[in-house]
Amino acid sequence: MYLKRLLMLNGPNLNLLGKRENEVYGEFTLQDIENEITKLVEDYGYRLDSKQSNHEGELVDILQAADGEYDGVIFNPAAYTHTSVALHDVIKAISLPVIEVHISNIHSREEFRHKSLLASVCYGQIIGFGKQGYRLAALALLPEQK
Ligand code: CA2
């Protein structure tokens, strides 16, 4: 049987989660999030692939390649949220629902974080709920019934 697949994609520096700046981002690691979301999606008969990159072009390549291979993307673009026209363009070009996730509330932080260049081309945006945001994004992409 064809297994439905979700991609969890994380941008620059999110590989440092749980190792530094715990007061801003929490104690959990990226691996903890991956483990939680894998369990959640498996309960629905889905599979999760997880990727992280510190490089804008590599994130573009991953999103291009994801088109047709996945049923949705949970994406924390990190700092590129606020700067990347290339990520805006690729999210617009592919036909996958992409949910933008931020661990912190970007609106309660520095002004340069208030603007997302990606929100207008994403299926939805979830911000400020810590690692729960990844779970909420997965639930938004999964069917209502298990
Ligand atoms: O709140 C979020 O999820 C952000 O996407 C995190 C980005 C930030 O640039 C965005 O404005 C909001 C930063 C990710 C850096 O993560 C670190 C984790 C631990 C230690 C240092 C950085």
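Cβ from N, Cα, C; glycine included.
The model shown is predicted, which means the values in this text are computed figures rather than measured ones.
Lifted from TrEMBL, the feature list:
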- Arg20: site 'Transition state stabilizer' (SITE)
- Tyr25: active site, proton acceptor (ACT_SITE)
- Asn76, His82, Asp89, Ile103, Ser104, Arg113: substrate binding site (BINDING)
- His102: active site, proton donor (ACT_SITE)
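Counted within 10 Å of its Cβ, the other Cβ atoms near His82 (substrate binding site) come to 16, all protein chains included. Annotated pair Arg20 (site 'Transition state stabilizer') and Ile103 (substrate binding site), C-alpha to C-alpha distance, rounded: 14 Å. Local packing around the binding-site residues Asn76, Ser104 was summarised as the count of other Cβ atoms within 10 Å of each Cβ; on this measure the leading residue is Asn76. The CA atom of the residue listed as 'active site, proton acceptor' is located 7 Å away from the CA atom of Ile103 (substrate binding site).
For ligand 1, the recorded positions lying close by, meaning a CB under 6 A from one of its atoms, are Arg20, His102, Arg113; the full candidate list was Arg20, Asp89, His102, Arg113. DSSP assigns Asp89 (substrate binding site) to a helix.
Under the DSSP three-state reduction, the residue listed as 'active site, proton donor' is assigned to strand. Just so you know, of the recorded positions Arg20, Ile103, the Cβ with the fewest other Cβ atoms around it within 10 Å is the one at Arg20. Most other Cβ atoms within 10 A: among the recorded positions His102, Arg113, that distinction falls to His102.
Cα of Asp89 (substrate binding site) to Cα of His102 (active site, proton donor): a distance of 20 Å.
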